[in-house]
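K.L.:
What follows is a structure written as structure tokens; I'll ask about it next.
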């Protein structure tokens, strides 16, 4: 049986012992930076005692059997099958290493009964140490699967330790998400209100109103927003960050050589600024040869291409310097290589360097598609996107560049593989840079609303993700995939989901009524707050002149024992 697939070679896992059960004891939600980045001499021992598919190689010697990927790409071993059930989520993890070679991809693949291959996750493995491979599957069927390792190395020998598979119900997965959200998106704050003599003020009311959230769920916009008052009203009442789908792109601002026109982009930016909406820059350049201005496509002289490209970078970045939260510098530069073919292998990295010099305070993104949304992706996989950013940062002069990862998120109309998404975000997050989902959408399908909610909650519950922008809007906007409202601006089901999440991820205004006890010298009231900026007012229901207000920023860096002390002048 030939097992060559997209240049990878499959090796079936031979299971000496296995068990699949439900529960939440295994933790795919663990985001230890060291585990996700380090190659260790000896993997940590698993704390799991039951409910696992488990297989390990001995760490004491090299005499144990290894999984060998035949030079001809043939499967050589029979596997014990695992029964999966539709509606559940299965997380996978294993410590892997190679007998020979370094920095080679090793992945996990699930093969269904009809031969379909579902890729579940990947990692770069080495021969001298063990690397953690994470992933999983959300089956759209009930039935058996065979589990494989895959490698880009013909004839590779793979060893694995602590191979674990865990089954979660959707309710269990959601519970883990919620627990993590409470941990990573909120901090506990204690208020202590005293007089100048340090005695507690009894019965005060502490009012809290969030003025700015640290995590933003935004939406793309296009030129039609300038033509529709209803669209503008709909947008401004919901979103605090946006990106323009086309209006800042080179082919939109310089349709003829030397004739720049930023009128539309400037007008859209003014609308955003007037309504307190932040803007993400999209995009300085695009590496897709088909997406260059028509006149650029006709230039054959590399020196001339370099001249017009440098002019473009300087023009757009200097024009909007200090006005944007980030820039996609060379869009989709793993899938495409127009500038590399015309100008050399270091074209992208050098353009990031120029962008950094022009605006050193703005986040500069590598922005790619299929990185988290398509398990079959071969070109812009999480480990390849990570490597691209590492190469950019390693370019001379880029050491202190504020890098970031943009995962576009153009999902297909099927159940998203949440376990794979989480493992992909783990890989990207191991860089320690912010991740944004930048263009989330999905074709219309019966379960679109639920699928979109699943995706957004998965991203929100990952600590490396700092914001999300969806590509959708009301019918008048022309977004034909993610339509959030009809022509009369009445919500669709997916629009209801977005409004629900916007409300849920914004801290509700609240009042804390302190206890009216008289036997305590110090009163502290504790509240769990979403990260962001707040206006705080302290008052007393029957002491008219006892009132004070101040601003407070709640951050993840806050000490969990953080006490906000408010001193009232008598």
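Just so it is clear, glycine is given a Cβ too, placed from its N, Cα and C backbone atoms.
Annotations for this protein, taken from Swiss-Prot, read as follows:
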SIGNAL    1-23  signal peptide
CARBOHYD  197  N-linked glycosylation site
DOMAIN    202-501  domain 'GH10'
CARBOHYD  261  N-linked glycosylation site
CARBOHYD  307  N-linked glycosylation site
ACT_SITE  332  active site, proton donor
CARBOHYD  346  N-linked glycosylation site
ACT_SITE  439  active site, nucleophile
CARBOHYD  490  N-linked glycosylation site
CARBOHYD  515  N-linked glycosylation site
CARBOHYD  537  N-linked glycosylation site
CARBOHYD  545  N-linked glycosylation site
K.L.:
Say we define neighbours as other CB atoms within 10 Å of the CB. Which of the glycosylation sites 261, 307, 346, 545 has the fewest?
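P.N.:
Counting other Cβ atoms within 10 Å of each of the glycosylation sites 261, 307, 346, 545 gives the minimum at 545.
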K.L.:
Helix, strand or coil by DSSP: which one applies to residue 307 (N-linked glycosylation site)?
P.N.:
helix
K.L.:
With residue 307 (N-linked glycosylation site) as the reference Cα, tell me which of the recorded positions 197, 261, 332, 439, 490 is the closest one.
P.N.:
261
K.L.:
Across the whole of the domain 'GH10' (202-501), what does the mean pLDDT come to? Round it, please.
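P.N.:
Mean model confidence (pLDDT) across the domain 'GH10' (202-501) is 98.
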K.L.:
For the glycosylation sites listed here (197, 490, 537), which one has the lowest count of neighbouring CB atoms within 10 Å of its own CB?
P.N.:
197
K.L.:
From the glycosylation sites 261, 346, 537, 545, pick the residue whose C-alpha lies nearest to the C-alpha of residue 197 (N-linked glycosylation site).
P.N.:
545
K.L.:
Is residue 490 (N-linked glycosylation site) helix, strand or coil when read with DSSP?
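P.N.:
The residue in question, residue 490 (N-linked glycosylation site), is coil (DSSP, three-state).
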K.L.:
Express the distance between the Cα positions of residue 261 (N-linked glycosylation site) and residue 332 (active site, proton donor) as a whole number of Å.
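P.N.:
Distance between the two Cα atoms comes out at 24 Å.
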K.L.:
Please report how many Å separate the Cα atom of the residue listed as 'active site, proton donor' from that of residue 346 (N-linked glycosylation site), as a whole number.
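P.N.:
Here the two Cα atoms lie 15 Å apart.
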